Amino acid sequence: MGFATLWYSHPRKYGQGSRCCRACSNRHGLIRKYGLNICRQCFREYANDIGFKKLD
């Protein structure tokens, strides 16, 4: 059994390792509210496209 088969072989059904950004597959800084499942960097990029507006 090689190293490649051992790496990331543990099942991830819950927790931070089981979720990723739908745009870039990043696992850090994930915004899950309202079912967005998008990281904070991608949210800043796509916020207007999604329908969020910046208030003054």
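If you go along the chain as it appears here, the first residue is 1 and each next one adds 1.
The backbone N, Cα and C atoms fix where each Cβ goes, and this holds for glycine too.
As given in Swiss-Prot:
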BINDING   C21, C24, C39, C42  Zn(2+) binding site
Quiz prompt | Number of other Cβ atoms within 10 Å of the Cβ of C24 (Zn(2+) binding site) across all protein chains | solution = 11
Quiz prompt | Environment of C21, C24, C39, C42, the listed Zn(2+) site - residues of the same chain whose CB lies within 8 A of the CB centroid | solution = C20, R22, A23, S25, N26, G29, L30, I38, R40, Q41, F43
Self-check item: Under 8 Å by Cβ from C21 (Zn(2+) binding site), same chain, sequence gap 6 or more
Solution: R27, L30, N37, I38, C39, C42
